[in-house]
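Per TrEMBL, the features are:
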- 21-48: transmembrane segment (TRANSMEM)
- 23-507: domain 'Major facilitator superfamily (MFS) profile' (DOMAIN)
- 68-87: transmembrane segment (TRANSMEM)
- 99-118: transmembrane segment (TRANSMEM)
- 162-189: transmembrane segment (TRANSMEM)
- 212-231: transmembrane segment (TRANSMEM)
- 349-366: transmembrane segment (TRANSMEM)
- 372-391: transmembrane segment (TRANSMEM)
- 403-422: transmembrane segment (TRANSMEM)
- 442-462: transmembrane segment (TRANSMEM)
- 483-502: transmembrane segment (TRANSMEM)
- 509-539: region 'Disordered' (REGION)
- 526-539: compositional bias 'Polar residues' (COMPBIAS)
Amino acid sequence: MARELQVLNALDVAKTQWYHFTAIIIAGMGFFTDAYDLFCISLVTKLLGRIYYHIDGSDKPGSLPPNVAAAVNGVAFCGTLSGQLFFGWLGDKMGRKKVYGMTLMLMVICSIASGLSFSRDAKAVMSTLCFFRFWLGFGIGGDYPLSATIMSEYANKKTRGAFIAAVFAMQGFGILAGGIFAIIISSAFKAGFDAPSYEVDPIRSTVPQADYVWRIIVMVGALPAALTYYWRMKMPETARYTALVAKNAKQAATDMSRVLQVDLEAEEQKVEQLTEDKSNQFGLFTKKFLHRHGLHLLGTTTTWFLLDIAFYSQNLFQKDIFSAIGWIPKAKTMNAIDEVYRIARAQTLIALCSTVPGYWFTVAFIDRIGRFAIQLMGFFFMTVFMFALAIPYNHWTHKDNRIGFVIIYSLTFFFANFGPNATTFVVPAEIFPARLRSTCHGISAASGKLGAIVGAFGFLYLSQSPHKDKTDAGYPTGIGVKNSLLVLGVVNFFGIVFTFLVPESNGKSLEEMSGENETDEGSVPNVEQSSYNRTVPLV
């Protein structure tokens, strides 16, 4: 038999209202900050190398040693992975709202602290930066399961996918904002402190004021998070958590009556009956969970893992790929601030033309063609375009063909975002039971960040030239950009395969997907109510 609470049914069939858009903005600003903080580091790593690792007499500007570069790029992901697991679990134990403010304050404090290493000693600066970027990542990690879960539990059945995807799409604006802000800051410093290129004067090419550039770029990430804190604290707890996990139907009805602007009756009797029904009270480490959701969890974790290997490799090392094909001039022909400007300009162009549109294509189509189709299509085209870059790679390195390379490279971003980068975030928030939803999303997201760590650390070494004289200072030889792109193409292909483990949740209620309305005796279809004010009968 199926038992449906009126408050949950009211949420499922509610018309799109102002509170939906408020929730998108409040949750989305967290993701805006997440993306800014995670990806702004790729804009300044070359600058950090010039400032703190300059070698007198070298014909190349200073660059971060391999272990330092790996730490600076990857430490935030280690923190994010830990935060996703911890806050995902905590969100199911304490409630979504109670934990939501903690993650934001952690992000604000650590964004500011990341740029406050008052020292000229390279070791001290990098240690401070890495320490606070770990805890910044820890806060960011909590935002993944909580934002997705809150949005899925607030949304209606018809447009739930678009609402969750819209929260995630704010990531695109965060990447874009990072690039634009870096362009503005570097332009201002370039105009104020003119400097020769490295090959003309290695010392004067990095002006002392360049040290402020990276600090300002890193610290500004605190602003959007701080501005959102008040509104997060005003959001009520989600009705699904209050009713199904906290077992407080009266509070759930009161909270949702306020945001939905309708009268809802508290249904303690139904909550008691649902509580007494032990068939749906299984935990994460039980045979029943394994039977019902084991393959689903395997599907969400593997697809997110494989996607993030490719996605974060591409994002973090765009500057290296652009340099390899000559789209960004050789480092020695620029001064330190000019290099930041050119890297930021290239990344902003990619974000504007492919990353941001890809996210919003998902928002527009996810409730029309479904999660499964979008994810499959995205992985397929990512595979095709990655091989299209890799196989004729030498062709793309010729000056006349560079625009073609950038276009195809941009298309891989477009189909990552109009594809698995969005759907892997949406689906885990829809298919697991309310009491395990945040935990399972956290596990899926942490699996993704494990992929990001593999991508960040692996691509850093793999993409180095196989010829020792062409590698960056301090790096061992790698397999080159061409073979690295081939590896990423194979990774995307496996993403296609594992997508078949993920169920389609389009148009179904959360309780229908998770089986929370079912008992061991079976189930009957949900009865939709024609009016919010009518109590749904117990069937």
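Glycine is treated like the rest: Cβ placed from N, Cα and C.
Below 8 angstroms of C-beta separation, residues 22, 25-26, 29-30, 32-33, 36-37, 40-41, 43-44, 47-48, 51, 101, 104-105, 107-109, 111-112, 114-116, 129, 178, 181-182, 185-186, 189, 337, 340 of the same chain, each at least six residues beyond the ends of the transmembrane segment (212-231), sit close to that stretch. When the stretches 21-48, 68-87, 372-391, 403-422, 442-462 are ranked by Cβ pairs under 8 Å to the transmembrane segment (483-502), first place goes to 372-391. Remote same-chain residues near the transmembrane segment (21-48) are listed as 61, 63-64, 69, 72-73, 76-77, 80, 103-104, 107, 111, 126, 133, 136-137, 140, 143-144, 147, 150-151, 154, 163, 166-175, 177-179, 182, 210, 213-214, 217-218, 220-221, 224-225, 227-228, 231-232, 235, 315-319, 331, 336-337, 339-340, 343-344, 347 (criterion: CB distance under 8 Å, separation of at least six residues from the stretch ends). At the 8 Å Cβ threshold, with sequence separation of at least 6, the transmembrane segment (403-422) comes into contact with the transmembrane segment (349-366) through 3 or more pairs. Mean per-residue pLDDT, taken over the domain 'Major facilitator superfamily (MFS) profile' (23-507), amounts to 86.
Outside the transmembrane segment (68-87), and at least 6 residues removed from its termini, the chain residues within Cβ reach (under 8 Å) are 37-38, 41-42, 45, 48-49, 53, 99, 102-103, 126, 129-130, 133-146, 312, 316, 438, 442-443, 445-446, 449-450, 452-453, 456-457, 460.
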